[in-house]
Amino acid sequence: MAGSSRRAGGRRLQLPLLCLLLQGATAILFAVFVRYNHETDAALWHWGNHSNPDNEFYFRYPSFQDVHTMIFVGFGFLMAFLQRYGFSSVGFTFLLAAFALQWSTLVQGFLHTFHGGHIHIGVESMINADFCAGAVLISFGAILGKTGPAQLLLMALLEVVLFGLNEFVLLSLLGVKDAGGSMTIHTFGAYFGLVLSRVLYRPQLEKSKHRQSSVYHSDLFAMIGTIFLWIFWPSFNSAPTPLGDGQHRTALNTYYSLTASTLSTFALSALVGRDGRLDMVHVQNAALAGGVVVGTSAEMMLTPFGALAAGFLAGTVSTLGFKFFTPILESKFKIQDTCGVHNLHGMPGVLGALLGVLVAGLATHDSYGEGLESVFPLIAEGQRSSTSQALHQLFGLFVTLIFASVGGGLGGLLLRLPFLDSPPDSQCYEDQIYWEVPEEHADLAQGSLRPEEPDTQA
């Protein structure tokens, strides 16, 4: 009972104090450093005698709306498949993303838009912050149900910094192309989360295994998340690309890649399923792999056929990963990947990076014409050959894996600090620990909750 009281006291204090501390610090930094850019500042915009329809808002905000919906609705409901963790899946997604948006605005601002002593923000800053939040939520998926909200906020605090540094190295220093984030978002977020999960490994998690499954209605909620993500993914990949043919091509390639990954998912799920039955886990996740795999190459001249082939391959690999590789990750590598982020984001992200290497290596002036300057400016300017660009793309993948692995290890050590509240092994994947729940849920939960025991992270 004493241990239970101490845990309850920690929950009562840790989250409020950390939220207030982080929000207060962020607000001070915003007051000191953050300013509107020339397209959002009233004086600067009108001083330039610009026409309002020329403002970037009108071109970027529709894409931002789609990306924003993906982050808060798509990711949140996709992770709501656990039978007793729906409040936490959607609610902690809301909390993490809200903090990550503010913190990443500062981190990315210092790295990309800092001049004259200030960070200058506009609609593009909002899109980039959403991308960073997406990486954080991917990592959250790997440890879903096994951590407390205070731990998750500290994870986001560290991960946003490392995401920003990795993105800066790849895009600004190495000149890597990765508009849809196969490397910077999906690969980074997945392997950060997987290494984090390994450091937080719980040998006695079997005590909560009965809750690590879905019920009929929770799978339907997760499918809502899938549909939102699937519909808006072309906007996600095309949001940061140059306006015009580049953005058009990116949306088109993503669109067809998603259709192919969906068909391959249904085909493989029935093929490997018991009695030829479809598995909702496969459909919820692997059907989205087509959006991940073309994240790097969608703005390139991938060709419609290439988009279909990439999507079909990604859906196949992802489905087989859920069926065969996820159990091996836990039994052999001690990685407890709750949402299967390795199958949806990790492997398709790496495949997407390698596809980018291939397509970049094939880039020529004949195939791109004057458009080469917007897609591969260093090749167009004669500073690089296509082969050199391809090698830089490959090196960018290795850099991302290093950042993710080291960052995940550091994050795991941070989250293992003994004073941080986390659910005991017997109470993982349970909303009632952190939320007021309806009485019928509480009655069901009480029957399965066991007395609190010490954590067994090894």
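Glycine is no exception: its Cβ is also placed from the backbone N, Cα and C atoms.
Going by Swiss-Prot, the topological domain containing Val123 carries a different name from the one containing Leu278, and the two residues are therefore on opposite sides of the membrane. Note on Swiss-Prot: of 201-204, 365-368, 429-432, 449-452, the range annotated with the feature motif 'Basolateral sorting signal' is 429-432. Each residue in the topological domain 'Cytoplasmic' (326-346) gets a DSSP state, and the totals come to 14 helix, 0 strand, 7 coil. Residues 14-15, 18-19, 22, 92, 95-96, 99-100, 103-104, 107-108, 110-112, 132, 135-136, 139-140, 143, 176, 178, 183-184, 188-189, 192, 196, 396, 399-400, 403-404, 407, 410-411, 414-415, 420-422 of the same chain lie 6+ residues outside the transmembrane segment (150-170) yet bring a C-beta within less than 8 angstroms of a C-beta in it. Shown for the topological domain 'Extracellular' (241-251): DSSP residue counts in helix, strand and coil, namely 7 helix, 0 strand, 4 coil. Same-chain neighbours of the transmembrane segment (220-240): 60, 62-64, 66-67, 69-70, 73-81, 86, 124, 127-128, 131, 179-181, 214, 247-248, 250-255, 258, 262, 280, 283-285, 287-288, 291, 294-295, 298-299, counting only residues six or more beyond its ends whose CB sits under 8 Å from a CB of the stretch. Cβ atoms under 8 Å from those of the topological domain 'Extracellular' (108-124) belong to residues 33-40, 56-57, 60-61, 64, 132, 164-165, 167-168, 172, 240 of the same chain, restricted to positions at least 6 beyond its ends. All protein chains included, Asn49 (N-linked glycosylation site) registers 6 other Cβ atoms within 10 Å of its own Cβ.
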